[in-house]
Structures are given as C-alpha cells and as structure tokens.
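According to Swiss-Prot, the protein has these features:
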- Glu323: active site, proton donor (ACT_SITE)
- Cys58-Cys104: disulfide bond (DISULFID)
- Cys277-Cys328: disulfide bond (DISULFID)
- Cys505-Cys522: disulfide bond (DISULFID)
- Asn115: N-linked glycosylation site (CARBOHYD)
- Asn157: N-linked glycosylation site (CARBOHYD)
- Asn295: N-linked glycosylation site (CARBOHYD)
- 1-22: signal peptide (SIGNAL)
Amino acid sequence: MTSSRLWFSLLLAAAFAGRATALWPWPQNFQTSDQRYVLYPNNFQFQYDVSSAAQPGCSVLDEAFQRYRDLLFGSGSWPRPYLTGKRHTLEKNVLVVSVVTPGCNQLPTLESVENYTLTINDDQCLLLSETVWGALRGLETFSQLVWKSAEGTFFINKTEIEDFPRFPHRGLLLDTSRHYLPLSSILDTLDVMAYNKLNVFHWHLVDDPSFPYESFTFPELMRKGSYNPVTHIYTAQDVKEVIEYARLRGIRVLAEFDTPGHTLSWGPGIPGLLTPCYSGSEPSGTFGPVNPSLNNTYEFMSTFFLEVSSVFPDFYLHLGGDEVDFTCWKSNPEIQDFMRKKGFGEDFKQLESFYIQTLLDIVSSYGKGYVVWQEVFDNKVKIQPDTIIQVWREDIPVNYMKELELVTKAGFRALLSAPWYLNRISYGPDWKDFYIVEPLAFEGTPEQKALVIGGEACMWGEYVDNTNLVPRLWPRAGAVAERLWSNKLTSDLTFAYERLSHFRCELLRRGVQAQPLNVGFCEQEFEQT
C-alpha cells in the first residue's frame, strides 16, 4: 500500500468523523462514504456463506457471532425505528462470513493468518478471511463500524476494508505472582485484548512472592508457595478455561516459568532446590536462585516441564532467565567447588549459561520452542537458532534499539517490550509515549528487521492488583496494540487521540472501566435509563 493511499484514507476518515470511522486499531486499507444503511437489531444475523469452510458448529465463530450480537445490540428486543425520508437497509440485514480454510477446533499459533476483507455496499455485506482467526478480527472491526443515532437507529456506512496485522506477535503480559488476579479478571482481560486485536496472553506465573499455579506433579509448590492454597491459586480447570477462552478469541497463551532467579516461592515446596546463601563459613538462613550444581535440580526441572509442556499446548514456553543475582552463588562453597570442577573459574555467567543451556535442552526434548528474556542473549548463552529473545531493558547494557540490532544481527527473532511497561505511570497522556515507538527504528538490514516478530505491553504486579488493573491497562495498552497492528505510517497523534478517545467510550459501553485520556465526556453518559 502506498503512502499516498494511506494518507488519502486518513483524510477521508477525518472528513467523516464519528462512529463510522472511529476504528481501533486502524486498518491497513480503508475506504468509506457517507452513504449509510439501517440495521434492524431484532432480526440482524451473522450467517455463514454457503462456500465457507467454516459452517454452523464451528465453535470459534458460533460463539463469536453471539458475542458480537450482544455487544452490538444487547440481549433484549428493540422497537422498530421510525425513519423519515429514503433510507437504505443493509442487504438482508445479514453479515455473511466466508472462511477459506477450516480450523475451527485448532489453536492459534505464531504463524496464524489474520487477514480479512470487509465489504459493505448496496449489493453485499461480506466478511472474507483465510482463517477463523482473521474472521474474528473482521468481526471486531464490523462491531466498531456500527453506530447508533440520537434517535436510537443503528447504522453502518458503506465501507471497504482490507486489513492484516503488521506483526504476528502482539502480546500483553500479566503478572499473577506479585498480586493474585482472580480468574474473572484474566478472562475479562482476554475480552478486551480481543477488542484491541492483541493475540498473545503472556502469563507470568512464578516469581519470588508467590506461586499460584497448581502443579499435579508437585502439589507442594502451590500449597507452600501460594499466598493461600485455597483462594489464591489457579487450578487445572482454571488453566484449561483460560486457554479455551483465549482460543475462542484468537489469543495464544504463552506461559512463563522464570528460572533460575525469581523462584523464592518454590523453595518451601521443594527442599534443596534453591541455593543456600552463606555469611562467611556458615549458612545465613536465606536462599538465592535455583541451585545449578545439583543433579536433583535438573531431575525436578525435567519432570516439572514435562507437565507444563502437556498443560500449555502452545508451541512456545517462556523460560525467563532475567535478573539472576550472583551474590548467593558466590557465597556458597559447594557452588564454588562445582565451578572449579567445571573449569568456570570465577565467571558466574558461565554457571548461569550452564544451567540455562541444560534447561533449554530439556524443554527442546519435549518438542517445545522457547522465549527468553534478553539477559540470556547478553550473557552469551548457547541457544538454538529459533530462540525468541524478548528485549525488556531500556538502556542496560545498551539502548533497546541497539539491543534489537544486536539480537537480529546474530540471527535471532526478537520481541520488544522495553518501552511498553504499563505498570509505570506518570501524570498526563503517557499513552502517547507508547504510541510513538517505532519497533524497527534501529540500524539493520531488511532481513534483520524481518526478525522482529512483534512485541508486548507488560503489566507487572508490584503495585497492581484487581482493584486498579483495568483502568491502568486500558486504553493505554491500546496504544501498543495499534502500533503492532497498523501500518507504520499510521502515526499521527491527533488522529490517534480522536479515535482512541472514542474507543475508550466504546470500552465503557462494553463494561470496561477504561480511564479517560483527557477532559471530556462520552455520549452514552447523556442517555436516560
């Protein structure tokens, strides 16, 4: 798509300001007009095309049809609108959906195709996609195109959209260790992710404060590592529900079990797993990272990750590897002896590398791929060529753009998170800081830039729990969502502000308590109940 065509579509959208063009994220190709069609809520239908590979019984689309019908019109009945003058009615009051390839019972993957086209004119109202995942994205766009007049009539404008994501991995991280998030909060977050066309839920499940995951192989991990083994855990059924709920919205679940650091919550449940710290020649009574010198450590990891590999069906697991503090390892005489025998000298990065390489081999043997934090790359751990490196540090050891350059120059795929830590808040419209980030603004060849597969907004939990999660996430995470979905040239802040403000109001209408971007109001505030 040429830049002139993009800017023409932006100008056209500005000319028809309002619900008909307040789309978020912005499509790749968009044409519209002021010609509009009436929708009648009482008998509006989503319908499979006769030639569609997906037909009634397709769980992904059957449930999406009901979900979006409720979002558009609610579950009640509507009086037939009183219309004056000539009005066009949407063809048969139906959106026809056609999917080229089957896949209703599958899981989304990194390679899933999410392209779709949406045509609304005098002759047809058609959503065409290669896959059910593209159809989901198109249904979200359709839902945002429908608008209601002050008199209560539903309209949709004549529209032609051709759309696809810029990056295949568009994620959101939730930290459920530092503060436990109820299952309902996670499911609600998945809903809003789908509204924003985000497609990866990065589930950070282990950290020092708590471990809420219920392991059936090592139940003591949860019993002794969670805040409360009854109320603050995720059961096997909870995990299954999250995975299926996400699947029905075209969202992958990327589970993170971070080691060897960030694992103090595992210590009580698995005696001997963590490294005893020493003060001089005596144990201090405190513990550090996982002990990499013991065979028992790797036996535990083999068994635990065999379980995890079966519970979480996505091809990838996130294995962490960040912020390993060597202080405790340095103090421990058994660790020192192990390093001498291995020929590591006093280079604790070699010890870390030994542990992580062994863990990666274990996970690979289960047919899994893996994502790691950037320290694994920075510390020169020997990793497989298909490893995905997540860049999270803004300027240590180098600026994050330089880090992307180095990671991709080495031939690894990369994810960007460094500028998108949503748990960090400031006064004013900080969404703009997230929005203006250009993920490919580093020096590198086209081949290097093709290795950046997307990014993630991160919501770490030190100061975030169920009471403030939603307004801190939304609509700020939407700025990241558009940056990862839309064309690079969709970058005008004024245009973004108008649409994001409207989208925030739409989120409120859908029951999401998204915070305001600035002074103003939402039109639904004036409606009398």
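One-based numbering along the chain as shown.
Any Cβ shown, glycine's included, is placed from N, Cα and C.
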From recorded positions Asn115, Cys277, Glu323, Cys505, Cys522, the one whose Cα lies nearest Cys58 (disulfide bond): Asn115
Of the recorded positions listed as Asn115, Asn157, Asn295, Cys505, Cys522, the one whose CA lies nearest the CA of Glu323 (active site, proton donor): Asn295
Cβ packing number for Cys522 (disulfide bond), 10 Å threshold: 16
DSSP-derived structure type at Cys277 (disulfide bond), helix or strand or else coil: strand
Disulfide-bonded residues compared (Cys277, Cys328) - the one with the fewest other Cβ atoms within 10 Å: Cys277
Sparsest-packed among the glycosylation sites, when each Cβ's other Cβ atoms within 10 Å are tallied, from Asn115, Asn157, Asn295: Asn295
